[in-house]
Protein chains: 2
Amino acid sequence: MQTLHVELGDRRYPIFIGSQLDPKTLLAPYIKGQQVMIVTNTTLEQLYLSHYVHDLESLGKKVATCVLPDGEKYKNLENLNLIFDALLEAGFNRDCTVLALGGGVIGDMAGFASACFQRGVYFIQVPTTLLSQVDSSVGGKTGINHPLGKNMIGAFKQPEVVMADMAQLRTLPARELSAGLAEVIKYALLGDLEFLAWLEQHMDGLLAGDESLLAQAVYRSCAHKARIVANDEKEQGERALLNLGHTFGHAIESYLGYGKWLHGEAVATGMVMAADLSQRMGWISAEDLQRTKNIIQRAKLPISCPKIPLDEFLSYMAHDKKVLNGQLRLVLLQQLGQAVITKEFDVEKMKQVILENQAE
Amino acid sequence: MQTLHVELGDRRYPIFIGSQLDPKTLLAPYIKGQQVMIVTNTTLEQLYLSHYVHDLESLGKKVATCVLPDGEKYKNLENLNLIFDALLEAGFNRDCTVLALGGGVIGDMAGFASACFQRGVYFIQVPTTLLSQVDSSVGGKTGINHPLGKNMIGAFKQPEVVMADMAQLRTLPARELSAGLAEVIKYALLGDLEFLAWLEQHMDGLLAGDESLLAQAVYRSCAHKARIVANDEKEQGERALLNLGHTFGHAIESYLGYGKWLHGEAVATGMVMAADLSQRMGWISAEDLQRTKNIIQRAKLPISCPKIPLDEFLSYMAHDKKVLNGQLRLVLLQQLGQAVITKEFDVEKMKQVILENQAE
C-alpha cells in the first residue's frame, strides 16, 4: 500500500492506494463521531455493502445506508434529496460521517450532501471505479447535474480520507476501466511526457487489470492532481488545466443526454479535439496529434463523436464554467505534455475541429 | 450612514446601515462581474424590484430576476431550484453575483444558491426586514428547510457587502418589526446588560419605527454578532450562544408548521423558556426572569406557546444541530446578560419549563 497526502493546510488528508485494503483498520481513525451514513448504488450494494456495514458496526458505529439508483442520469437534485431524507430519518447530527462507496456519481452526490447537511459534516471516500480513483479522490469537487448543464450545482468539500482499492476494480466492466484510463491519459498529456511513455509501454497490462500497474497509474495521477490542487484549490488558475478535453467533452455528454456516453469516453474525444485544435494552431505537430489519438485508441476509447449540429455543440460549450465575462476559455496543448488555458484561439478553427471529429 | 466591518480575513466585508441609502453608489464597487441575478419575493417585487433593476442596469450590468413566493414555507429545495433554473436560463457564469433583496427567507435561499451555483459565485445582501438586518446580515449562514427539520441543508457563505436600509422597514408589517426585535433583545440578554437597559428605555420609539433608533439597534446587534462570528465562524464554540431561545423556538416552529408563527415570535417564547430553566436551576433570579418577560412583552411578542404534547416537543428538540454525540446542549443564562452553552441541565426541570410555558 502507498499513501499520498493531499496538502491543503488544516484540511490535509491521506489517500491510501493498494490492493485488498482493510477498511476497518484504515478508516477507523478518520471517523470522528458515532454515526456513519454509507451512500452507495444498487450495483455496489450487492457486491460490498454488507461487508462495510459489518466492519463499521464492529467498530461500535451506528451505521445507516442510502442506496441510490446506478448511473449519471440520477445525479440530480431529486436523488440528492434522498440522502438528506436518509440522514434525517436516521436522526443523524452534525458530527456524523457520510461515506461514499461508489464511483464518481456516488462520490459527487455523497460529497455534496455532506457539504450541505447541517452546513457540513464529515466525508470519507471509497472510490470503486478507476475514474473516481484518479479523478474524484483529489480536489474536493462535488455536485449534481441540472437539465441545462453538468455539475452546475455543487460545493468544494474535502474528505477526511480516501481509500482506493484496486481489488474493487475486478468487478468493474471493461468499458468503465477504459473510461478511467481516459483521465489517466489526461494527466500525461497535460503535464508529464514521461508518464505518457510509461502508459504507452504498459497499456496492455493496465487494460488486463494488472493491480500493481493500476496502483502505480492511480498513484501517479493522484499525485499530479494533488500538486495542482494544493496550488489552486478553488480553480482560480492552474487547476483549470485539469479540464483538458472537458469543454468539448461536456458538450458531447450534454447533447447525448447524461449516461449515453461515459464521462471518460466524452473526455477522450474531447482531448482529441483539444489536441486537433492545438495542432491546427501550430502548437503541436501532426505526429503529436497522432500519438494522442493512438494512446486513446489503445485504451479502447472513442476518438470521434456522433453527429451533433454545430450550433448546438457551441451552445453547450457556452455553458462551460470556464466562461469568464462571457468569453469561452479552452485548455489546449502548448506542447505535448504541457497544457495551457487560453481565450486566444481561432473560433473558425474550433468549428472545423468540431465538425471534422464527428463520425459519419 | 454607519459602516460596520465583519472581520473574516480575506472574506472581510462591510455592512452599510442607514436610511434612504443609494444602492447604485454603495453596491457598485462590490459587483465583480457583469451579471446580477436579483432574487426577491412577490411582495417586495412590487415595492422595490424595478428600482433595483433600473439602478443596476444603469451601471451597465446584465440584470435578471427570480421572484419567489413569499413565506417561510417556501424555503425548500423546490424553490431553491427555481433560482438555479433562473441562473442557467439567463446563461449566467461563475463570475455572476446573486443579490438577495428580501428578508431572512430570501437571504437564506439566495445565499445558499450563490454558494452552490457553479460551486460558488458572488453574493450581496439587501435585507429588508429588521430580523434579517440584525440576524442574516452577519454570519454567512444560509440554507433551506426539510420536512424533518429547519435549516437542515445549507452552507456557510459570506457576502461581498450588506446594505441595511431602515427606510425599507416603513413597509414592514408591525408583527414582523416585533419579530425582528426578538433577535435584538437576544443580543442584550446573551451578552450586553447595558444594551438591555437601552432597549427598555427606547422600546416605544423602536416600535413606532424611529429610523435613527432602529439604525442604532441594528448597528449594535450586528456589532455583537460580528464580534462573535469573527471568533468562531463555523460554530465550534462561542457562536452557539447566538442560539439562545432557538432550540425551544425551533421545536415550536416545527410543531406548528413553518410560517404559522414568525421565527422571531418562536425565538421570543424560546428565550422565556431558556430564562425560566436558568431561573429554576438557580442561575438567574425571579426578578431577572420577570425582566426578560417584560421586555419581550413590551416588544409585543408572545411569552408562551400553544399546547404541544411534551413528547413531540422533545422529539423536535432532539433534531437540533447543537446535539453532539446524541446529547442535547442548551444555551442558558448564567446571569442576565451572560449566556453559556451547556449539556449540564436538569431534564426534569426542562420538561416542567416546556409544560408550564404553554398557554391554556
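Note that Cβ sites are derived from N, Cα and C of the backbone, with glycine treated the same way.
Record features, source TrEMBL:
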type: BINDING; residues: B:70-75, B:104-108, B:128-129, B:LYS141, B:LYS150; note: NAD(+) binding site
type: BINDING; residues: B:GLU183, B:HIS246, B:HIS263; note: Zn(2+) binding site
type: DOMAIN; residues: B:66-178; note: domain '3-dehydroquinate synthase N-terminal'
type: DOMAIN; residues: B:180-323; note: domain '3-dehydroquinate synthase C-terminal'
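Within 8 Å of the centroid defined by the CB atoms of B:GLU183, B:HIS246, B:HIS263, the record's Zn(2+) site, lie the Cβ atoms of B:LEU131, B:ASP135, B:ALA182, B:LYS186, B:GLY245, B:GLY249, B:GLY264, B:ALA266, B:VAL267, B:GLY270, excluding the listed residues themselves.
Note on proximity: of the binding-site residues B:GLY104, B:ILE106, B:LYS150, the one nearest B:GLU183 (Zn(2+) binding site) is B:GLY104, by Cα distance. Restricting the average to the domain '3-dehydroquinate synthase C-terminal' (B:180-323) gives a pLDDT of 93. B:ASP70 (NAD(+) binding site) sits 23 Å from B:HIS246 (Zn(2+) binding site), taking the C-alpha atoms as the reference points. Per DSSP, the secondary structure of the domain '3-dehydroquinate synthase N-terminal' (B:66-178) breaks down as 45 helix, 35 strand, 33 coil. With respect to their backbone Cα atoms, B:THR129 (NAD(+) binding site) and B:HIS263 (Zn(2+) binding site) stand 12 Å from each other. For the binding-site residues B:TYR74, B:LYS150, B:HIS246, the greatest number of Cβ atoms within 10 Å around a candidate Cβ is found at B:HIS246. A simple way to gauge crowding: the CB of B:ASP70 (NAD(+) binding site) has 18 other CB atoms within 10 angstroms, across all the protein chains here. Each residue contributes its Cα atom, and for B:GLY104 (NAD(+) binding site) and B:HIS263 (Zn(2+) binding site) these two points are 10 Å apart.
B:LYS150 (NAD(+) binding site) sits 11 Å from B:HIS263 (Zn(2+) binding site), taking the C-alpha atoms as the reference points. Between the alpha carbons (Cα) of B:ILE106 (NAD(+) binding site) and B:HIS263 (Zn(2+) binding site) lies a span of roughly 14 Å.
Same-chain residues at least 6 positions away in sequence with a Cβ under 8 Å from that of B:HIS263 (Zn(2+) binding site) are, in sequence order, B:GLU72, B:GLY104, B:LEU131, B:ALA179, B:GLY249, B:GLU253. Secondary structure at B:HIS263 (Zn(2+) binding site), as computed by DSSP, is helix. A simple Cβ count within 10 Å picks out one of the binding-site residues B:GLU72, B:GLU183 as the most packed, and that one is B:GLU183. Taking all protein chains in view, 25 other C-beta atoms sit within 10 angstroms of the C-beta of B:ASP108 (NAD(+) binding site).
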